Amino acid sequence: MCFRSIMPPAMADTLDIWAVDSQIASDGSISVDFLLPTGIYIQLEVPREATISYIKQMLWKQVHNYPMFNLLMDIDSYMFACVNQTAVYEELEDETRRLCDVRPFLPVLKLVTRSCDPAEKLDSKIGVLIGKGLHEFDALKDPEVNEFRRKMRKFSEDKIQSLVGLSWIDWLKHTYPPEHEPSVLENLEDKLYGGKLVVAVHFENSQDVFSFQVSPNLNPIKINELAIQKRLTIRGKEEEASPCDYVLQVSGRVEYVFGDHPLIQFQYIRNCVMNRTLPHFILVECCKIKKMYEQEMIAIEAAINRNSSSLPLPLPPKKTRVISHVWGNNNPFQIVLVKGNKLNTEETVKVHVRAGLFHGTELLCKTVVSSEISGKNDHIWNEQLEFDINICDLPRMARLCFAVYAVLDKVKTKKSTKTINPSKYQTIRKAGKVHYPVAWVNTMVFDFKGQLRSGDVILHSWSSFPDELEEMLNPMGTVQTNPYAENATALHIKFPENKKQPYYYPPFDKIIEKAAEIASGDSANVSSRGGKKFLAVLKEILDRDPLSQLCENEMDLIWTLRQDCRENFPQSLPKLLLSIKWNKLEDVAQLQALLQIWPKLPPREALELLDFNYPDQYVREYAVGCLRQMSDEELSQYLLQLVQVLKYEPFLDCALSRFLLERALDNRRIGQFLFWHLRSEVHTPAVSIQFGVILEAYCRGSVGHMKVLSKQVEALNKLKTLNSLIKLNAMKLNRAKGKEAMHTCLKQSAYREALSDLQSPLNPCVILSELYVEKCRYMDSKMKPLWLVYSNRAFGEDAVGVIFKNGDDLRQDMLTLQMLRLMDLLWKEAGLDLRMLPYGCLATGDRSGLIEVVSTSETIADIQLNSSNVAATAAFNKDALLNWLKEYNSGDDLDRAIEEFTLSCAGYCVASYVLGIGDRHSDNIMVKKTGQLFHIDFGHILGNFKSKFGIKRERVPFILTYDFIHVIQQGKTGNTEKFGRFRQCCEDAYLILRRHGNLFITLFALMLTAGLPELTSVKDIQYLKDSLALGKSEEEALKQFKQKFDEALRESWTTKVNWMAHTVRKDYRS
């Protein structure tokens, strides 16, 4: 019987049935329809929280009373199946799951014979985990998708196979990789105890804690030895134990310290030293680790058997045929614009199509414009569009970009734009007419195999236009067509038919052959070197920032002196690539040959080559080759950008996607963040397929990680449901009742199980053990974020706080916090530790995600309010902050807290100025009890400051109020020495960042495709160039910063007025 045919009609109510407020009703039951193999239909009331096993037993007691019971087999021969929330047919093999966690799309369960196909079970689990059914990929019947999935399955299986031979210690390095920081900071020595490191160790299942003073350069195994000796001294001789029988585990975390690195290079120990806390370890017996290893090996071997049984049959060998290369075709490139459908314009409105050929943002030839026609539904052109470029000169990554425009007379504009929103998109005025963009779409000229496209193609277009257009086109847009074809404008075009044989772009060996042929025939090209005078000019051009435009003469000079560039300025490669004529096959061939002998760039410099401006396949392969030099820690630092630039890749199979998969499968920490960066955007139509198939490949290659990730996905689904409940009841219940309802929900066994004992998505080392329900609450803001507190079962460990947000886009916060982490890293590399606190933040879905709670901290607003009886004067109490620090610190601790405050305040002053962080009020600046100041909530960056009635609320470049200065000066008005040191810290920090200005510009440029509201075009990044004064000398830049510093100090009274208004408003609301 077909499952689809007997499904009852869909409910009219679109609200998620698992999120309605009946979930917290006393009975907590739901009516479920059961479909038996005999065709019998039974309806039962079952508890929402019941396990699948319990529900099956309930059903079995009832089936005795129905006809044809004798035709059924034993109960264990059956399992339930349903259609889940991602529209995937799912067989519920794991019967310990609860119904409310399975979350069927409708409350319908079908009893089916237990499946024996392990490959189907794995496919089903992967589909649920990634939030996209694998059947969707199959249904596309897309050769490129199928080819990529086949290759990636083989790639993943090879990775799994390589794990089988690993020793348990190598498996531990792969699964729980230690985090190292190779460089040693000078100021670390000041925080040691007489040059010694103090560590605490206790054996598992023992309360005895041993402390040692050791050299920071000892290896971890030495700590094992000292602990064993100490236990022998105290307890006497027990069973013989070797240091190699134990591994050091960080107390309260899934983090292990082992290997040959000195203790001080482990990130956990370094953080403890910097924060003046005691590193605490548990000595775990190796046999426990080995048991974990053996369990995973069983899962891996089962996965190998599953995969090998489901490998597709190899394709039959194709008949050899003559292949023609496009370099032999000197005909002009042309297409036929056949027609357009669903243009959504009035019948009298004329429409035309603009088409252009691009390589990155470079226009390869003049754009072509069709004739203007009008029509009701279909607009038929049947018009040939010829481009001023020969087929032989088309680069491999050329893309054909289209835009549909409605053309109106200026006089008629007001009457004729019922279906066009002129305020939403930019308009172009030409020859007394107004051109309104209606739709755009892009497609590649060559397919994924390098074959020149031919025949009819229907392109379903997109209607949302970016802020900036190149030649009235959108070349930076996706080359994927709109999957919502039913309502999208469609363009029907026709590429030339290649009747004899298809044309391909030449393979690499032919390209190199061509370059050699050109070089041998033109001796002038071989030299391409200049004298000292030209080198000086060249250096000046190459030293400019990435946003600087090159004029035609400068590009010609760079290309002519390309050998000088390679030998003397290898970092000039991006500018050389912008100087080449990509519409000239001879230049392209010579570049590819030159690229083979170009020195490897440092990874940070190579990142720029992954920008949209550099689409060439071999250039991107070169860039990825440079990135291979990155350590895992460095790769993690830039993972956010590397995932975003996948969107610039026109084809699924590329060097970058393979590189990311390879490193993720080698290091589970990288794997977890790659998983969430991809999964959080898998709902986006333009990248749904691309990100989905990469996620599938990761899951197939990391079956041992799937269980951990599934637990995280389940927990986040529960939090989303709870958040929906709170929003629904927010208007009905007062705050106390709402909090009580939340606690009732969290105490339910389904919630308790789903939200306990999971690795934090924010940090896989942190275990979220058990909810401290009474401390959990929801916050007052519009989206009602959930404030969750976890008690830590580990010896002497603090509680862990997490905020779940649903309805807010956290990606801009993620980017800003990443930049703060990078600044912290660059400062430390230069020997300056400004005690930055870039807390964890992770987008996990469509406008949802998690934020780390920084313990023992309060907002400036709360500190000021608690010290004053009148809200209006609270912001002007300069003693409040210093008194608050004195409340928690005294003596040397107070001096240390003021030092922490001074350094962190300097760091955030410089960071907020450079990044243009806006909306800085007293509720989004916080201070820890230990003195560290830090900023939260980054909704406005790059100089997008809030304004009211056209007047900017924030008039200062960064926040530096007199109560901050009061703390820095230790409460002494004339303490100019302390303030002078603070100012010097700010200036040093600014100059360090400025020296890495190109890196910041590159990283923001790589994020242009993310769709962040305040980062949509190159114009937005211009703010960074201005704030870092990249066009000026270091002396001029420092002078500019000093002026900004004085301005922040001089105008700080305006900040206080803003804070007063904010505090009064906050006090009134509460």
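Backbone N, Cα and C define each Cβ position, glycine as well.
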Ask   = Taking 916-924, 970-978 as the choices, which stretch does Swiss-Prot tie to region 'Catalytic loop'?
value = 916-924
The annotated region 'G-loop' range in Swiss-Prot, which must be one of 547-553, 778-784, 841-847, 1009-1015 = 778-784
Query = According to Swiss-Prot, which listed range is region 'Activation loop': 179-205, 206-232, 368-394, 935-961?
reply = 935-961
Message = Out of 26-115, 194-285, 327-496, 772-1053, what stretch is closest in contact terms to the domain 'PIK helical' (524-701), meaning most Cβ pairs under 8 angstroms?
response = 772-1053
Inquiry  = For the region 'G-loop' (778-784), give me same-chain residues lying six or more residues beyond its boundaries with a C-beta closer than 8 angstroms to one of its C-beta atoms, as numbers and ranges.
reply    = 723, 726-727, 730, 738-739, 742, 803, 805-808, 1069
Note = Using a 10 Å radius on the Cβ of SER324 (phosphoserine), the other Cβ atoms enclosed count 14
Ask   = Could you give the number of helix, strand and coil residues in the domain 'PI3K-ABD' (26-115) as assigned by DSSP?
value = 22 helix, 31 strand, 37 coil
Message = Quick check on the region 'G-loop' (778-784): DSSP residue counts for helix, strand, coil, in that order please.
response = 0 helix, 1 strand, 6 coil
Ask   = Are there three or more C-beta pairs under 8 angstroms joining the domain 'PI3K-RBD' (194-285) and the domain 'PI3K/PI4K catalytic' (772-1053), sequence spacing 6 or more?
value = yes
Ask   = Roughly where does the domain 'PI3K-ABD' (26-115) sit in mean pLDDT, to the nearest integer?
value = 89
